[in-house]
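Trainee: Handing you a structure now.
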Amino acid sequence: MLRVFIFFVFLGSGLTGRIKPQITCKYFISENNTWYKYNVTILNGTIVLPAYNTIPSNAAGISCTCHDIDYLQKNNISIHYNTSILKTFQDIRIIRCGMKNISEIAGGFGKELKFLDLRYNDLQVIEYNILRKLIRSNTPTYLYYNNLMCGKRNCPLYYFLLKQEQTYLKLLPQFFLRRINFSNNNTYLYHFLSCGNKPGHEFLEYQTKYCRTKFPEINITVNQLTAKKNTERYKSCYPLVFISILCSCISFLFLFICLLRSICKKYSCTKQGKSGHNYIPLIPSYTFSLKKHRHPETAVVEDHTTSANSPIVYIPTTEEKKVSCSRRK
């Protein structure tokens, strides 16, 4: 019996050594709030996440976990990410798949992203603008249990976090710090994996001082980060600001024209009232004279509005004729 037991033990160990590691992937359907498993294939030594032609079009999320990343690395199996499909997801969870840079999938972050989980990867660099975008959109993001570098490439991130520590320092455990439980006193310490056991504030002060001393060529200062943040914040409001300024200019011009017209009218009226000249009507006035004419039919009308004073024959009415005749009698 002992020999049979030893035989089955060796057989089981041999079989487990030959079993290829599995990559468990699921897609999420929001209509029924359910996750569904699907198989991932290795094609030409490459795994594509999410896989082509395996996820329905109405999927709202993806969750993939690599159970044995060491096997993938030893067998030169690489993982590529399909960012065009990731843009349609609200929930992205890629765990323990050896991701070294968040920018590998940052192009797939759409506006609909509501949850991001990249724990237990090998993230070494995190661009501060990507982290700021995730924070500003209030997206729950889990980046801890990674391997963030203490070197030059993360200096802008340290500057950004130190400046915004009052707001973002509380979120550090959620994003990329790991938690260690000391069983002796049940205390927790948050620190970067490869940057020593320093608390968040002390670590940021140490790292920013280190960056400014060792890498002075990095010209991204705290003030520049803040200015860039404010510029990006109000960048979407520029068209509205331009329209409001244009409307205010038009209204000001209209008021100015109205005020100018009222002043001109008032000035012209006062000037006319002070002058001794009589008001000259627009209709030409005619002076009728009956100079030395016996008959009113030959009366001459003198036009004072013209320089030629050309005579115009005036034909009197019947009543005027009667008045003229009565005067003669």
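Heads up, the Cβ atoms here are built off N, Cα and C, so glycines get one too.
What Swiss-Prot shows for this protein is this:
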type: SIGNAL; residues: 1-16; note: signal peptide
type: CARBOHYD; residues: N32; note: N-linked glycosylation site
type: CARBOHYD; residues: N39; note: N-linked glycosylation site
type: CARBOHYD; residues: N44; note: N-linked glycosylation site
type: CARBOHYD; residues: N76; note: N-linked glycosylation site
type: CARBOHYD; residues: N82; note: N-linked glycosylation site
type: CARBOHYD; residues: N101; note: N-linked glycosylation site
type: CARBOHYD; residues: N181; note: N-linked glycosylation site
type: CARBOHYD; residues: N185; note: N-linked glycosylation site
type: CARBOHYD; residues: N219; note: N-linked glycosylation site
type: TRANSMEM; residues: 240-260; note: transmembrane segment
type: TOPO_DOM; residues: 261-329; note: topological domain 'Cytoplasmic'
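How buried are the listed features, and what sits near them?
Mentor: The local packing around N32 (N-linked glycosylation site), expressed as other Cβ atoms within 10 Å of its Cβ over all shown chains, amounts to 7.
All protein chains considered, the CB of N39 (N-linked glycosylation site) has 10 other CB atoms within 10 Å.
According to DSSP, N44 (N-linked glycosylation site) is assigned to coil rather than to any helix or strand.
In this structure, N76 (N-linked glycosylation site) belongs to neither helix nor strand by DSSP; it is coil.
All protein chains considered, the CB of N82 (N-linked glycosylation site) has 16 other CB atoms within 10 Å.
Note: N101 (N-linked glycosylation site) has non-local neighbours L123, Q124, V125, i.e. same-chain residues 6+ apart with C-beta under 8 A of its own C-beta.
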Trainee: Would you count the other CB atoms within 10 A of the CB of N44 (N-linked glycosylation site), including those on all shown protein chains?
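Mentor: 6, counting other Cβ atoms within 10 Å of N44 (N-linked glycosylation site).
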Trainee: Using Cβ-Cβ distances, find the residues under 8 Å from N76 (N-linked glycosylation site) that belong to the same chain and are at least 6 apart in sequence, listing them in sequence order.
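Mentor: Listed in sequence order: G45.
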Trainee: How big is the gap, in Å, between the Cα of N44 (N-linked glycosylation site) and that of N32 (N-linked glycosylation site), rounded to a whole number?
Mentor: 35
Trainee: Measuring Cα to Cα, tell me the gap between N32 (N-linked glycosylation site) and N39 (N-linked glycosylation site) in whole angstrom.
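Mentor: Cα-Cα, rounded: 21 Å.
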